Amino acid sequence: MKPTLPNYDQSGVLIVGDVMLDRYWVGPTSRISPEAPVPVVKVENNEERPGGAANVAMNVAALGGQAHLVGLVGEDEPAQALTTTLESLKVHCDFVALPNFPTITKLRVMSRGQQLIRLDFEESFHDIPAEPIISRMQATLPKVKAVVLSDYAKGALEHVQLMIQEARKAGVPVFIDPKGADFERYRGATLLTPNMLEFETVVGKVKDEEDLVVKGQQIIEEFDFEALLVTRSEHGMTLLRSDMAPLHLPTQAREVFDVTGAGDTVISVLAASVSTGKPLDEACALANAAAGVVVGKLGTSTLSTIELAEAIHGSQDSGFGIINEELLISAVKQARERGEKVVMTNGCFDILHAGHVYYLNHAAELGDRLIVAVNTNESVQRLKGPGRPINPTDRRMAVLAGLGAVDWVVPFSEDTPQRLISEVLPTLLVKGGDYEIKDIAGGAEVIAAGGEVKVLNFEDGCSTTGIIEAIKGGRG
């Protein structure tokens, strides 16, 4: 299966679970302490990263999605540091601050790429009333299309059954990264993502793939799940659903440096993809591709849609789909570094017809990559008047992204794409119709940067206006 990249700007995910702060002290070591037989590290750098459920939220936000995070913290400096870091990454935090508990913090001392010691500052949260977290969930559920419950057995999910029931009552799917052998506590969830060790802790030793499928189906039926996604390390992943054939996804990892946080990445990409409307099998394929990227990085890590797109398609393949402006600029820079010629065009593309397809195919033939900039709904309304667009922005972009000729689709809200074009600066800017080159928005900027501008002919007899009039007139 080769999935297409969704528009993660349209995704909204609520993450509830055990939030943590990972701290790293890094420096060289060249001697042994005279006080004890331990190395002395001269700390030169320190780094802070959100961990646990906070890492899941950070992954959703890194894709461009709306991430809402609920969890338990202390009234302390680590809580402030965690909140500041997450909010700078556009994660919406709604923490329950408890005066008698510390924020879970893990301090790692590193030297020469090796971890010398880890110091944990934590106390498992216990006997915490359900109301503070449930009320925060209830306030956020109308804003999201998926819920992730991230369980590290630290106490934030003490009332997990109430959380599942609230989400299902709101009609929102619930994805759970489980901890421990008690799957009963997750009864009624949409999907669990156990790794192979966690799965075998519940069902016993798995002999082969057939045995995996049989035991997985039993788990689904016993605990009223809709699906299981079993992550299997070098063997990839297996998606199991009731009364459906299993989907085995081979690993896409090229090199494995660190599996830390890979489970967080899997469930974040899975939930974010489903929240954009992707079917479950395609969302799992995207999560599998994402896992292949992050295990090649050191420590808990996020990935961008550019990295995910390249994992899906390969850097030389047909395209990366819907993308935002910031990531487009980065992608174009990488394309130039590969020596690729980048072509750009723009339009409303309200009702895609044969003329559009001929035009885009012609534009794509003029270079190695084709960008299509699309007017948003508000922009189309100003240009075309009442009743337009017929199709909203996300649907128009989805159709364009499905064309083999198109690499990237990006929205713009202004009346013209001049600002966007001047930021991207394609190698070649093309426009269809009978324009003079001097009148094409962004043309002067492209030429000034050493690029070209061309006008392409439209196919005769094809127009969106003509199609709309024909429909109104009842003609086929």
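Every residue gets a Cβ built from N, Cα and C, even glycine.
Taken straight from Swiss-Prot:
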REGION    1-318  region 'Ribokinase'
BINDING   Asn195, Met196, Leu197, Glu198  ATP binding site
ACT_SITE  Asp264  active site
REGION    344-476  region 'Cytidylyltransferase'
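Feature map: Swiss-Prot annotations on the structure.
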{"residue": "Asn195", "record": "ATP binding site", "Cβ contacts under 8 Å, 6 or more apart": "Val230, Thr231, Arg232, Ser233, Gly263"}
{"residue": "Met196", "record": "ATP binding site", "Cβ contacts under 8 Å, 6 or more apart": "Val206, Val230, Thr231, Arg232, Ser233, His235"}
{"residue": "Leu197", "record": "ATP binding site", "Cβ contacts under 8 Å, 6 or more apart": "none"}
{"residue": "Glu198", "record": "ATP binding site", "Cβ contacts under 8 Å, 6 or more apart": "Pro178, Lys179, Gly180, Ala181"}
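Other residues of the chain with a Cβ within 8 Å of the Cβ centroid of Asn195, Met196, Leu197, Glu198, the ATP site, are Pro194, Phe199, Glu200, Thr201, Val230, Thr231. On the 0 to 100 pLDDT scale, the region 'Cytidylyltransferase' (344-476) averages 84 in the predicted structure. Packing around Asp264 (active site) is summarised by its Cβ count: 30 other Cβ atoms lie within 10 angstroms of its Cβ, all protein chains included. The secondary structure of Asn195 (ATP binding site), as reduced to three states from DSSP, is extended strand.
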